[in-house]
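Just below is one structure, and these are the notes that go with it.
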Amino acid sequence: MLSALDRKLLRDLRGMLGQAVMIALVVSAGVATWIESRTLLASLETTRDQFYERNNFADVFAKAKRAPNALSERVAELPGVARVETRIVEGVNLDVPGLDEPAVGTLISLPENREPVLNRVYLRRGRRLAPGRDDEVLASEKFVDANHLRVGDSVTAILNGRKKTLRIVGVVLSPEYVFMVKPGDLVPDPKRFGVFWMQEEALEMAFDMDGAFNDLAVGLAREADLEETLFRIDQLLEPYGGIGAYGRKDQLSHLLLTNDIDGLKVHGTVAPTIFLSVAAFLLNVVLSRVLALQREQIAALKAFGYSNVQIGWHYLKLVLLIILLGSAIGIPGGAFLARVFTQMIALVYQYPDLIIVLKPSVVATGVAAAGGAATLGAIGSIWQAVRVAPAEAMRPEPPASFKPSFFERIGMGAWVPNVARMIIRQLERRPARSVISVFAIALSVAIIIVGQFLQDAVDFTMEQQFFRVQRFDMMVATIEPDTPDILYELQHAPGVLRAEPLRTVSARLHNGQHERRVSLVGLPEGGQLFRLVDSSGAVYPPPTGGLMLSAKLARLLHVEAGGVVRVETLEGQRPDEDVPVISLIDDLQGLNAYTTLDGLNRFMGEGPRINAAYLQTDSELKLQTFRDLKDTPKVASVTVKRNALESFHDTVAKNLGTMKKINLFFACIIAVGVVYNSARIALSERSRELATLRVVGFTRGEISTILLGELGLLTLVALPFGWVMGYGFAWGLTAMVDQEVFRFPLVVERSTYGIATSVVLAASAASGLLVRRSLDHLDLIAVLKSRD
Amino acid sequence: MPSPTTAATTGAEGVKDAVFAARSVVKTYQMGEVAVHALNGVDLDLWPGEFVVLLGPSGSGKSTLLNILGGLDAPTSGDVFYRGEKLTAFNDSALTRYRRDHVGFVFQFYNLIPSLTARENVALITEIAPNPLDPVEALALVDLDKRKNHFPSQMSGGEQQRVAIARAVAKRPDVLLCDEPTGALDVHTGVLVLDAIQRVNAELGATTAVITHNAVIAKMADRVIHISDGRIAGEERNTKKVAASELEW
Ligand SMILES: Nc1ncnc2c1ncn2[C@@H]1O[C@H](COP(=O)(O)OP(=O)(O)O)[C@@H](O)[C@H]1O
Ligand SMILES: [Mg+2]
């Protein structure tokens, strides 16, 4: 049996249903974002760790030119090294059935007759390699799917200048390629980049690597010292063309997974905090109003002997019911969002499966946090109402006192019409409430701005990278540094309009204890196809007599323009010298170190050498160009800019679109929640006044103006704050996303402010209309009969 | 002023001359199963410039009648004419227009806007009226011009009620409808309020109807109409109107 008091509770709740639902929605957004991010975080971390664990993901990676297999034993003897695997890894050009454009692949050797001790592959479909079959490969799943290939299909690869048909017998996933991008790219292009595993012997034969390896993976013991191990491995590999060992943190796939997980950690606390704070605020104002209306009831209850605690608990139950309702929506909502995000992640990650485990503890903490925030918001107003002595509460509240508003005090009163006066004085009477309302509405503006800003930033980045920096159509890389004759050859390939050379050299830059691995890039003077453009659009020539560094790289190395870095090259004669830092460039992607092509070659102590070229081509002759490049033995890979652009669109843009929608939805919940509740409270507080005005001859439209004018004013005042806040959030985001791979330019387009403004205005208008409907049903006579 | 007959109503031709003419007005409230007959067939005429007191016990239907005359409520059946126009045929916006242009209301609980000062409360109405008094002038009529810049919370009940009267008369209404204007006031302040109403009636010539259950107040009226159980139980003319200041109760 429900007690009489509980029945009153339910009726009270029904009386404020609209408001309760709106608050519950804000609560549900808090609970949902909490559950979503925690669940996703937990499942990403466990999935990753399990996958790494089961497939023995290595801790250290190193490349060399050609090292004898016997060296692996010396590596194994190093302190802290638990397991060693040597491999042959080669980049090749591919001929994929049904694909005109050039594709590239990475071939990785698998030991015959045994499982590799590190970096095992997970067999998704098909079978493992048969012993002795040199034409069988296991292929990465994304590549197979993107090209609509099946087990049993073949691709052709150019192995060391010879065509070889490779039959796909199995489809696999690898811990090294959870995030699979071609070296040098930033987003996956699974159609044109694949990873393949084949028998070691076959690769030994094809690449003349009998008894040798060029890729090393090391598993460390628990107590190992990473830096020390890297140093020792480098020492061992140096005579064999080692280009520097690196740990997991520099392994591209791992690096990107970690970036995402870190991002999720931030988002996972910020979003729920925002929603629950807004919910707490709304509960506070709504409850204050309900309690003011029930002042006399409370007095009566107290007169009959209910204690303060009993009455307080009674109202707290009302709050908890709302939290319950919010949680009931938020828990499945969070699970749903977690699934949506998983699908987004599945677009770019390759895991056997991403298991979503909705942990009871996550749900419990989410609901508890919501309950806590709500109680915090409500307790003040409950206490204030309950505390009043019964005799005092029995008397009606004295008429609200007002004073002339700020505008009038500064002498602008004469210009303010009476209706505006009412609005302004109302708002000034409860400054804290007005300020927080403005803040909350501004918050929803800001949330939309950040969401749209992501789009602006990505658009700008695309424009910058793909059109202002990269003005070529294709980029070809040669197998080895070559004489500039190759450029002549490329220039005369069909469809090629212009070719510009470049050279890249792997190097470590040192400044004291700070150190970073980068590719030194030597660019021709007067080059047109790849330009050094900073985020303000200024174009710089490649620096002579030193380096131009990405500003981010300079920060990591703690050097400034005018300083010096030690350049330890990892190729050729391995020159290792101090080089002046001429200038810094505020660029958006990667850690770059540029110099002139001639300067780089001089530094390397070699004659003119290039290992890549930018091509401007005639798109009409595209196919001929491709065919010709495929048949040029020295060309190791061809990258088509348009393809890179498309894959950028397919992944980043698609995920961004989903995120934007979710973001917009949440921002609307906040905007509607705040404005609608403000409107209801204003209506409740003002209904007597408004009905009186109707009685004395004001029209519905006129009294709507008074009520909605207040909301309109709050919204209008909130807009500029929202813009500033949104810009601030965007700035914060760029600071947070100041990553080595990706940086966000701080560009917020006008249209972004426009969208945020119109969405919030629309949400306000919608809430206003909801409330306006009740204005039409004001009981004119009832207000004349009662005192208040 | 047309000479009123002894009966509360005249024939159908009187409809044009009377300010108000109510014909067989019935108002029934359906409260679940029970029907409450607030008005049981009321016929009534009010003449230009008249000061009428509607007297009757609590629950007799006085407020219901006044609300119908003021265009706040519609009868269940019967008709009400205002200067020959059928009020009961007006739609909502016409009724709003009617209240705005012709009717001044004074309520038991003043119903002032707390966020506006005395002068602003009056100005709120004068801003939308076609031919208003100056707000300060209206306040002077109720002797409150000195308190024009005070907020309701800074005034006594009687003062608030006089502001309400100033607000009601500032538009120069054709009719002034007062529902228990002294119901919430003590005798002394009540007299001040009634005095203000009387003065307004005399100076502006608005037809004035005051509801009360207090028989003493009836002495101020030109005519007293007794209401009980939703009917007109009788009426009388005061041969000698008493000034508000001379009332005693
Ligand atoms: N909105 C309403 N619903 C139901 N009954 C009502 C309503 N308003 C008034 N009544 C009833 O109509 C009768 C007349 O009320 P009213 O006109 O207010 O009387 P008076 O003003 O003379 O005290 C009373 O019995 C009252 O209870
Ligand atoms: Mg009454």
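Along the chain as shown, the residues are counted starting at 1.
Even glycines carry a Cβ here, placed using N, Cα and C.
Annotated in TrEMBL:
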TRANSMEM  A:16-35  transmembrane segment
DOMAIN    A:270-388  domain 'ABC3 transporter permease C-terminal'
TRANSMEM  A:274-293  transmembrane segment
TRANSMEM  A:313-341  transmembrane segment
TRANSMEM  A:362-386  transmembrane segment
TRANSMEM  A:436-454  transmembrane segment
DOMAIN    A:664-770  domain 'ABC3 transporter permease C-terminal'
TRANSMEM  A:664-683  transmembrane segment
TRANSMEM  A:704-731  transmembrane segment
TRANSMEM  A:751-771  transmembrane segment
By Cβ distance under 8 Å, which residues at least 6 away from the ends of the transmembrane segment (A:313-341) in the same chain are close to it?
5-6, 9, 12-13, 20-21, 23-36, 39-40, 43, 279, 283, 287, 290-291, 356, 358, 363, 366-367, 370-371, 374-375, 377-379, 382, 385-386, 658, 662
Count, for each of A:16-35, A:274-293, A:436-454, the Cβ pairs lying under 8 Å from the transmembrane segment (A:362-386), and report the range with the highest count.
A:274-293
When secondary structure is assigned with DSSP, how many helix, strand and coil residues does the domain 'ABC3 transporter permease C-terminal' (A:270-388) contain?
102 helix, 1 strand, 16 coil
Tally the residues of the domain 'ABC3 transporter permease C-terminal' (A:664-770) by DSSP class, grouping H, G and I as helix, E and B as strand, and everything else as coil.
90 helix, 1 strand, 16 coil
